[in-house]
Amino acid sequence: MWDSNTKLTIYFQHKEFKGEKEIMTFFSDWLNIFPGIALLVFMFRENKLGAILYGCMIMFIVSLNSLLKNMYHQARPFWTEEDIKGLQCNKEFGKPSGHAMQSSLMCFLLPCILFPAVWRDQENVKYPKILRAISIAIIVIWTFVTGLSRVFFGAHTFGQVLLGWVYSGYVMINYMTYVHEKLIKYFKTCLATGGPGIGRRTIYVSTIVTFIWIMISYLFYSLNRNEILINNGEVEMWLNAMLRKCASQTNPYKFKSASVLQNNCFNNSFQILFIYFLLLGTKICGGTYDEDKFYQNYAKLKWSLKVFRVVVLLVLLLIVEPFVFFIVTEHLSAVILFQTIPICFFGGFVLTYFYSKSLFYLGLNIQGDFLNAESRVISTKIHANGV
């Protein structure tokens, strides 16, 4: 399988047509548009629970992929095959493909969770058949081309891509079959006016599950760090290949550098904390949510007030920016403690606690708002469009 992939990748790279690299780069790099769509749904639509659960699934699949990569600890093709170029120089392990897992999950769950009418008619929404066919075609093509691009770039074997699709498909099928509707029902019940709220038991269980997840991830990180699953000769060869083939890399990485191999994977496995902090922020906030009331009142709101609400969220999200761009170090502990964990914390709490409280104190919240404080809301009769 590895030899067949080597021949396939070399063929793709030697037979590259004009514009092919740009096309592959578009599909590979523009995956970030999907979390952006979820953020837009959260800001403007009533399906806020769906947007949050979609974001949680993205962070879960990122964390799962990182854990699996440390378990398999398999090299990328351009690390080991001299004739394969490193057109995109990812530096963590290659199996299974993270792009394959993320693209398939994000593409297929987007309509399932955020726009279910794409798959089947809903009570108040029906799409024309042609639009439905186009949407499904885009989903399938984007997923396939993203996987193909990873082979073209020399970042993955086709087997690594295929395994990524298998894992992602398994997660999606089980989530949509057994989990999603139960979660929606649970949160709607807890957040209803007069509802019980998120229970302490839920927080305790999520704390234990998150801790166990991190400990399992640490186990496989340690096995790789102590060269029990990998050997020093392989590591040196991989690091040298990165230095030689990656044009953007000017200095050699060390085995303990946070950006490479098991260190990168262990750091990314902490993305699971985003889900935990979302849940914790929802618990601490203690607000309510009513989709129908929000839909009715938001439609009556002046556009100027809608813009103010968006500005408030975007300003709050800027809290995360310093941790993204100004924490530059190759010390793994520093990256986890001062970048990854704060980003997950503020990301989770901004969407739950900070945003809802800011709308409350600024007098911008409306009846039915997500995690709304009912005692102080905008009167939509006064602030309705056209008034």
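Backbone N, Cα and C atoms are what each Cβ position is placed from, and that goes for glycine too.
Note that the structure is a prediction, hence the values are computed from the model and not measured.
The domain 'Phosphatidic acid phosphatase type 2/haloperoxidase' annotation in TrEMBL covers 49-177. Across all of the domain 'Phosphatidic acid phosphatase type 2/haloperoxidase' (49-177), the predicted model scores a mean pLDDT of 90.
As annotated by TrEMBL, transmembrane segment applies to 23-44 (among others).
The annotation transmembrane segment is assigned in TrEMBL to 51-68 (among others).
The transmembrane segment feature in TrEMBL is assigned to 100-119 (among others).
Summarising the annotation, TrEMBL assigns transmembrane segment to 131-152 (among others).
Among the features that TrEMBL reports, transmembrane segment is placed at 158-178 (among others).
Here the transmembrane segment (203-221) has Cβ contacts under 8 Å with residues 63, 66-67, 70-71, 73, 229, 262-263, 265-266, 269-270, 272-273, 275-276, 279-280, 283 of the same chain, all six or more residues outside its ends. The transmembrane segment annotation in TrEMBL covers 203-221 (among others).
Annotation source TrEMBL lists transmembrane segment at 269-286 (among others). When Cβ-Cβ distances below 8 Å are used as the criterion, the transmembrane segment (269-286) is approached by residues 52, 55-56, 59-60, 62-63, 66-67, 70, 191, 197-198, 202-203, 206-207, 210, 213-214, 217, 221, 336, 340-341, 343-345, 347-349, 351-354, 356-357, 371 of the same chain, each at least six residues removed from its ends.
Per TrEMBL, transmembrane segment is recorded for 307-328 (among others).
Tertiary neighbourhood of the transmembrane segment (334-355): same-chain residues 42, 52, 55, 59, 258, 266-268, 270-271, 273-282, 284-285, 312-313, 316-317, 319-320, 323-324, 327, 371, selected by CB-CB distance under 8 Å and a gap of 6+ residues from either end. As annotated by TrEMBL, transmembrane segment applies to 334-355 (among others).
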Surrounding residues of the transmembrane segment (307-328) on its own chain - C-beta under 8 Å, 6+ positions past either end: 43, 334-335, 338-339, 342-343, 346-347, 350, 354-355, 358-359, 362, 364
Residues of the domain 'Phosphatidic acid phosphatase type 2/haloperoxidase' (49-177) by DSSP state, where helix covers H, G and I: 92 helix, 0 strand, 37 coil
The transmembrane segment (23-44) touching the transmembrane segment (131-152) per 3+ Cβ pairs under 8 Å rule: yes
Whether the transmembrane segment (23-44) meets the transmembrane segment (100-119): three or more C-beta pairs under 8 angstroms: yes
